[in-house]
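What Swiss-Prot records for this protein:
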REGION    1-24  region 'Disordered'
MOD_RES   3  phosphoserine
TRANSMEM  42-62  transmembrane segment
CARBOHYD  71  N-linked glycosylation site
CARBOHYD  77  N-linked glycosylation site
CARBOHYD  95  N-linked glycosylation site
TRANSMEM  110-130  transmembrane segment
TRANSMEM  137-157  transmembrane segment
TRANSMEM  159-179  transmembrane segment
TRANSMEM  201-221  transmembrane segment
TRANSMEM  228-248  transmembrane segment
TRANSMEM  289-309  transmembrane segment
TRANSMEM  329-349  transmembrane segment
TRANSMEM  366-386  transmembrane segment
TRANSMEM  392-412  transmembrane segment
TRANSMEM  424-444  transmembrane segment
TRANSMEM  458-478  transmembrane segment
């Protein structure tokens with residue numbers, strides 16, 4: 001019986017179909033059970049891996065508040081008084097045993113931003129190594145190294161700003177290989193019609209890690225002192241590493257406890273999608289317009305993501321004037337929404353493809369449009385509703401939540417167009433997508449010298465415009481099928 005939505009998806013003869021070029025599509029196998037399966041065990045272990053990863057990344061944002069002498073930061077106070085104070089100031093009494101440092105706002109900016117200078121370097125090398133040697137050890141040791149460096153943060157702070165900046169850059173080097181390595185592993189583990197579910201579960205750990213680590217770091221600072229923030233998350237990272245090394249394999253063929261049926265299901269579903277080339281087709285890859293569609297979308301999405309990740313607490317405090325307890329909670333809520341959206345959108349995307357016969361390209365386009373234009377609309381709205389606290393928080397939460405749709409959009413399109421080189425492709429796109437983390441907050445701060453509502457409207461409008469441009473570019477030039485250059489030595493390929 002013809003699907004009632006089949007007319008909405010590209011037909012077999014259309015350019016946007018999901019047909020594998022040159023080779024015949026493998027027959028669709030009956031999915032192996034989900035319960036206790038090796039592929040879902042990998043998804044949940046990687047979920048906790050990215051939970052740890054983002055906990056290690058963002059904990060400094062909270063600890064830094066307790067590390068810096070309040071007398072040093074008082075002169076940098078740029079609170080806007082356009083909005084009335086949301087509630088009476090609360091005198092926060094907490095443990096004062098942690099050492100204090102006299103770092104001004106510019107120095108703190110260098111400390112927080114130094115992470116990205118290491119992070120951007122290892123993206124492409126990480127993808128290349130993972131595609132050649134597998135992603136298990138690379139991802140595991142990337143997080144393990146970051147955890148070890150995190151344990152040395154208090155010592156580096158005592159040595160001085162230079163040592164702490166260098167340590168944060170080393171943490172960035174370690175984390176830079178993780179996403180490309182994970183993509184490379186999923187190229188061997190994720191059946192095409194389960195990619196959205198499996199990858200959204202994996203990467204959703206990053207959002208939940210942000211939600212949990214921000215308030216938890218505050219609690220640790222409150223009851224103990226800031227040094228224990230780094231000791232706690234560093235030890236958690238080491239424990240995860242031990243579990244990862246013991247329980248995970250690079251491929252279904254090398255997994256010790258996978259059932260024969262599940263292994264055959266995965267291998268048969270990936271038949272004719274993986275390349276037998278020994279060399280990486282760099283030239284055709286870099287000339288591929290579908291790859292650059294992902295680059296533009298990834299860059300655009302991250303501009304908004306990193307701007308909010310680093311400056312949302314500032315907006316809550318200096319413009320909306322929430323107190324520190326409210327700020328910590330409300331800054332984490334949007335990422336809880338994003339986490340839920342990632343999980344649910346992954347289920348929805350694969351159901352649309354498997355049960356309703358929507359094409360991969362259609363799903364990737366629509367989910368990217370929702371996940372980029374939706375946040376743009378609500379981000380602009382948040383800037384223009386003035387001092388309405390409830391609406392401002394609601395719009396910022398909705399904006400960040402809708403961004404979760406992108407986890408089943410452009411974020412995993414690398415696996416659709418070139419599964420054999422997915423790690424390398426993610427390394428390329430994430431290299432460009434790291435740039436907003438380096439320059440976006442700097443530009444935003446330069447546009448908000450007085451922290452007025454009008455200045456923040458400009459920041460939000462710029463981010464929204466970049467998001468919309470990225471969504472349109474991806475919609476026009478993305479593809480949903482494996483490209484010719486990714487499966488053979490054939491030098492020509494369709495764009």
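Cβ atoms are placed via backbone N, Cα and C, with glycine included.
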Outside the transmembrane segment (458-478), six or more residues from its ends: residues with CB under 8 Å to it: 289-290, 292-294, 296-301, 303-304, 307, 311, 361, 364-365, 368-369, 372-373, 375-377, 379-380, 382-383, 409-410, 413, 440, 443-444, 447-448, 495
For the transmembrane segment (289-309), sequence-distant contacts whose Cβ falls under 8 Å of one of its Cβ atoms, 6 or more beyond its ends: 58, 210, 334, 368, 371-372, 375-376, 379, 396, 399-400, 403, 406, 409-411, 413-414, 417-418, 425, 428-430, 432-437, 440-441, 444, 459, 463-464, 466-467, 469-471, 473-474, 476-479, 483, 495
Two-stretch contact, the transmembrane segment (228-248) and the transmembrane segment (366-386), at least three Cβ pairs under 8 Å: no
Range from 42-62, 159-179, 366-386 with most C-beta pairs under 8 A to the transmembrane segment (201-221): 42-62
Region pair the transmembrane segment (424-444) / the transmembrane segment (110-130), three or more CB pairs under 8 Å: yes
Result, the transmembrane segment (42-62) in contact with the transmembrane segment (392-412) (3+ CB pairs under 8 Å): no
Tertiary contacts of the transmembrane segment (137-157) (same chain, 6+ residues out, Cβ under 8 Å): 46, 49, 52-53, 56, 59-60, 67, 99, 101, 126, 129-130, 163-164, 166-167, 170-171, 173-178, 181-182, 185, 226-227, 230-231, 233-238, 240-241, 244-245, 248
